[in-house]
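I have placed the structure first, in the form of structure tokens, so that the comments after it can refer back to it.
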Amino acid sequence: MRYTTAGESHGPEEIAIIEGIPAGLHITEEDINVQLARRQHAYGRGGRQLIETDTVTFLSGVRHEVTLGSPITLNVHNDDHNHWAAIMAPNTPATHENSARKVMRPRPGHADLVGGMKYRHQADLRNVLERSSARETVMRVAVGAVAKKLLAEIGVDVHGFVLNVGPAKGDASQIAQYKSLAELRAVTESFPTRALDAETDAKIREVIDQTKLNRDTVGGTVEVIAVGVPVGLGSYVSADEKLDAKIARAIVGINAFKGVEFGGGFENKDKFGSEIIDEIFWDEARGFYRGSDNMGGFEGGMTTGEAVIVKGVVKPIPTLYQPMQSVDIDTHENHRASTERSDTTAVTAAAVIAEAMVAIELAKAVLDKFDADSLDRMKEQVAAYRDEILRF
Ligand SMILES: Cc1cc2nc3c(=O)[nH]c(=O)nc-3n(C[C@H](O)[C@H](O)[C@H](O)COP(=O)(O)O)c2cc1C
Ligand SMILES: C=C(O[C@@H]1CC(C(=O)O)=C[C@@H](OP(=O)(O)O)[C@H]1O)C(=O)O
């Protein structure tokens, strides 16, 4: 499976093309729209989300709600494009009027300055901004929704949620507190916040509200948990086949993510080996299993069969309503950076995006390992493999 996305933030459409999804997967636009809504309506977002109604259209690869095995094209319309049609027009030469919203003062913390230097966009840094915007993540969530549907067919369930925002502490992995991922989902699905308990939920909302009043932005930590993952996805034999490494790349590839960890993560460094190594047990029903999951479901770059637990750190987003110091790329004079309207935090939406990225990497690994032409054949192979592993 591979995918690509295309689209500018204020252009007419966002597009994704996915190749390698087996024939025979039941999927509807609504399956995807549910996930898009979780991203779009996350707490702490700005005015743009009041304009958009993120819904997907299938343009290829799906017939009568079933995948054909051919490339799947997904499309989400940018409703805001109406307000930008002249400025984004692909077929009209630049004029004084349609270049009205030029960006000449790069926004610190964005791709503006380096992207401008790299692509020689010295006439207008909007040419960088439009694609570097996290608007593109709407398509990653759409692709992730297809991946989640595929994974559900083999009993893999992936869920992402917010652990903390700003100084509201408490970023210990949550899975241990819950009997099942379904239970965890039941309490965290109610975005805007993780809602693990009413007090923390209220604290997180308060931090976001107060940050907005301060005309500032705030970061935080998200967690993604996947259960039902088969043993042995990824491989130790070559560095680029390690699945934990692929997931780390996929997480840090999301706009504004600055860190990633697995299981106990950075906290493991403060403990002794005897406290954190996941010991091996066996029983008839489960076969081999670990007594704990401090490694977040990976040994040697391969899934152990325990829950995959991934955390990501999201920076406070860079566009503030109190613009930061920058320099005009034309005059080289000091100026306040350009301001676009902005979210207060990306953390809440980022939990949904991180979930999508983990689902995509797990789905890719499953499709690499098993026959991926027909869904039924893939499921037969996965079942036979699970049975073999149980009897090891
Ligand atoms: C869901 C989401 C929404 C975002 N919204 C904004 C925003 O409104 N304003 C902003 O300055 N940055 C926002 N960002 C962050 C920028 O896209 C990001 O910081 C920038 O592209 C530079 O990339 P980097 O932080 O990965 O280096 C958002 C990120 C995500 C994931
Ligand atoms: C459009 C989305 O997020 C955008 C991501 C973003 C950025 O700089 O990354 C900046 C803002 O763009 P705008 O200036 O158009 O409001 C966000 O709204 C979205 O997530 O759908």
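Cβ coordinates come from backbone N, Cα and C, glycine included.
Annotation source TrEMBL lists NADP(+) binding site at R39, R45. Cβ environment of R45 (NADP(+) binding site): D343, T344, T348, A349 lie under 8 Å away, each six or more residues apart in the same chain.
According to DSSP, S133 (FMN binding site) is assigned to coil rather than to any helix or strand. The FMN binding site annotation in TrEMBL covers R131, S132, S133, N255, A256, G300, K315, P316, I317, P318, T319, R341.
Taking every pair among R131, S132, S133, N255, A256, G300, K315, P316, I317, P318, T319, R341, the residues recorded as binding FMN, the greatest CA to CA distance is 44 Å. Checking the binding-site residues R39, R45, R131 for a CB within less than 6 Å of any atom of ligand 1 leaves no residue at all.
Among the binding-site residues R39, R45, R131, A256, K315, I317, no residue has its Cβ under 6 Å from any atom of ligand 2. Of all the Cβ atoms in the protein chains shown, 17 others lie within 10 Å of the Cβ of K315 (FMN binding site).
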